[in-house]
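J.: First the structure, which I've put down as structure tokens, then a few questions once you've had a look.
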Amino acid sequence: MIPRWLSLLFLLGTLSAESMFKQSLKGRCQKIEFDLCKDIPYNMTFFPNPMLGQDQQNIDSLHMYTDHFKPLILTKCHPHLKFFVCSVFAPMCPKDVPQAVTSCKSLCEQVKAGCKSLLDQYGLAWPELLECDRFPEINQGLCMNPPEGTQQSPSPSGSFARPHSPSKPPSCPSHLVNVDPQDSNGACALPCEHNTFFTKDDKRVASSWMVALGAVNLALAAFTFLTYIIDRHRFRFPERCVFFMSLCMAILSIPNLFLLFWRFQEMACEQLHSGQSYVTFAGFENHRCLLSFSLIYYFSTAASLWWLMFAFTWYLSAGRRWVPEGVEACSPYVHLIAWGTAALATIVVLVMRRVDASELTGLCSVGNQDPESLLYFSLLPRLSATLLGVFFIVAGLSGMCKEGQSLRRRGTDTSKNEKLVLKMIMFCIFYLLPMCTVLVCDYLHFHDVKATSRATIECKLFGGVEAGLCKQPPRLQPSRYLLQLIMGLLGGGACALWILSPKTFSSWQRFLCCGMCSPAPQKSASAQRLASSSRPLIEPQIPLQVIPHPPHPPTHYAPLHSQHSTQVWRPSNVV
């Protein structure tokens with residue numbers, strides 16, 4: 001048993017490490033390196049500077065921006081103008097409170113009142129970067145005022161004020177769109193015209209693959225489902241689940257062809273009243289986005305559930321030796337689980353407003369920008385359905401192999417069952433390999449979104465620009481997302497392999513030629529339908545030893561006499 005003091009020590013160590021990690025994310029103190037502000041009362045500044053944009057953080061940019069204020073500082077329009085400008089480009093970083101501390105709003109108003117008239121004489125506007133609304137009040141935020149008549153560093157006991165509540169909601173960085181500036185918990189959305197995570201070439205290559213593979217997958221999946229439609233009596237459960245999977249794959253491919261008719265901005269973007277457009281992250285304003293989400297999410301979820309139903313009915317037939325009529329009797333429940341559960345999940349996502357668009361493809365789904373939605377509404381459900389399906393498939397194959405061994409020991413021909421086992425294994429390989437690849441890519445995408453959400457859509461939740469966390473996120477790897485896109489459009493080909501046989505071509509030949517191109521059948525149509533409808537996927541095997549032999553006909557006959565014939569033969573009593 002672990003001692004209590006050791007558990008307490010481990011807990012304190014964990015909390016300390018977590019605190020150090022959070023402090024490292026907020027920034028650090030460093031010496032002031034540009035000449036203009038080296039003689040001010042403090043010599044340590046906070047990096048990164050939350051008052052500036054991402055492209056203004058390096059030393060060359062700071063030299064360039066501060067040089068613009070040197071002529072104004074030389075006019076000495078206010079005695080604390082230099083201190084005020086330096087507090088913007090090099091905010092103080094006290095050792096006890098490692099964060100950016102700039103001037104108070106009162107100092108800004110004094111400097112502006114003393115120097116604005118001079119700027120007006122030359123037709124210059126007061127710089128937007130120095131607007132007084134950006135600075136906190138003395139009683140509402142952490143700020144500083146210059147010491148009067150001395151060169152000592154400002155101290156917390158003097159003109160510091162501990163923050164109680166922010167003077168205004170946090171703001172978003174310049175490379176993001178502030179959807180609701182008055183909401184402290186609002187989102188910082190990705191702008192439509194800005195390439196945040198992917199370049200234009202990445203988007204162009206992805207759209208080309210989407211259209212090409214979407215058309216091929218649609219054609220293969222539609223051919224598979226139409227084969228079932230024109231020859232329904234040929235297939236029974238669990239084979240029918242494959243055709244409903246192909247139906248889902250066919251409809252799932254349709255949104256990939258939207259790029260032929262609509263632009264990226266029309267499918268994935270929404271617009272504010274100010275005219276700024278951003279990539280959809282939660283809303284119902286873009287109807288094309290809702291259409292692509294409904295088709296993609298509903299039918300992808302239904303395809304995963306139909307895979308699970310296929311594996312389960314295969315287990316009943318092969319592992320539990322259910323007769324086809326017993327599996328057929330459960331088909332209403334199978335349809336209810338597959339279609340109903342997918343519809344319920346889609347409704348829940350719409351009610352919770354978890355629909356978001358992908359910057360790479362322009363299609364709307366779940367989890368493109370929200371890691372929690374990706375985990376709970378997409379990754380975990382599909383992973384669970386895949387693993388359960390694999391379990392049922394393996395259990396069914398194990399039961400069928402044991403039955404085959406028993407039949408072979410009794411001398412029964414099991415070639416048909418061996419072909420069926422081989423067909424099942426090949427189908428599972430061609431279907432599960434792309435699906436598992438998509439799951440792995442989704443898992444990596446989950447970590448990407450989780451790492452970048454604090455700097456993008458959740459920026460204001462963690463303090464906004466003022467906290468120094470909303471930096472420009474790094475670009476993502478387009479090859480991995482392209483692999484995920486390609487693998488997700490291979491399901492139709494796997495379903496088409498299931499019906500690849502001479503019987504399929506014969507069915508299409510009879511359908512297209514209306515029975516005129518094929519030779520006349522040996523049996524009547526009703527007899528053929530009866531024979532095909534009664535054919536199970538797994539035919540029962542009867543050992544050769546138990547087939548009863550018909551009785552031998554009598555070989556000895558005795559003559560019978562009647563009024564019509566004098567010699568009529570009849571069977572004798574001796575056999």
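Cβ atoms are placed via backbone N, Cα and C, with glycine included.
What you see is a predicted model, and the numbers here were worked out from it, not measured in a lab.
Pulled the feature table from TrEMBL, pasting it below:
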| type | residues | note |
| --- | --- | --- |
| COMPBIAS | 148-158 | compositional bias 'Polar residues' |
| COMPBIAS | 562-575 | compositional bias 'Polar residues' |
| DOMAIN | 203-435 | domain 'G-protein coupled receptors family 2 profile 2' |
| SIGNAL | 1-17 | signal peptide |
| TRANSMEM | 209-230 | transmembrane segment |
| TRANSMEM | 242-262 | transmembrane segment |
| TRANSMEM | 295-316 | transmembrane segment |
| TRANSMEM | 336-355 | transmembrane segment |
| TRANSMEM | 375-399 | transmembrane segment |
| TRANSMEM | 420-440 | transmembrane segment |
| TRANSMEM | 481-500 | transmembrane segment |
J.: Considering only the recorded stretches 242-262, 420-440, 481-500, state which has the highest number of Cβ pairs under 8 Å to the transmembrane segment (209-230).
T.: 242-262
J.: Look over the recorded stretches 242-262, 336-355, 375-399, 481-500 and say which has the most C-beta pairs under 8 A to the transmembrane segment (420-440).
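T.: Most Cβ pairs under 8 Å with the transmembrane segment (420-440) come from 481-500.
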J.: Does the transmembrane segment (375-399) reach the transmembrane segment (481-500) with at least 3 CB pairs under 8 A, where each pair is 6 or more residues apart?
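T.: In this chain the transmembrane segment (375-399) does not contact the transmembrane segment (481-500) - fewer than 3 Cβ pairs sit under 8 Å.
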J.: Hey, which of 242-262, 336-355, 481-500 has the most Cβ-Cβ pairs under 8 Å against the transmembrane segment (295-316)?
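T.: The stretch I would name here is 242-262.
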J.: Could you pull out which residues elsewhere in the chain have a CB under 8 Å from any CB of the transmembrane segment (242-262), counting only those six or more residues past its ends?
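T.: Contacts with the transmembrane segment (242-262): 207, 210-211, 213-215, 217-218, 220-222, 224-225, 227-228, 235, 288, 291-292, 295-296, 299-300, 302-303, 306-307, 310, 338, 362-363, 427, 489, 491-492, 495-496, 498-499.
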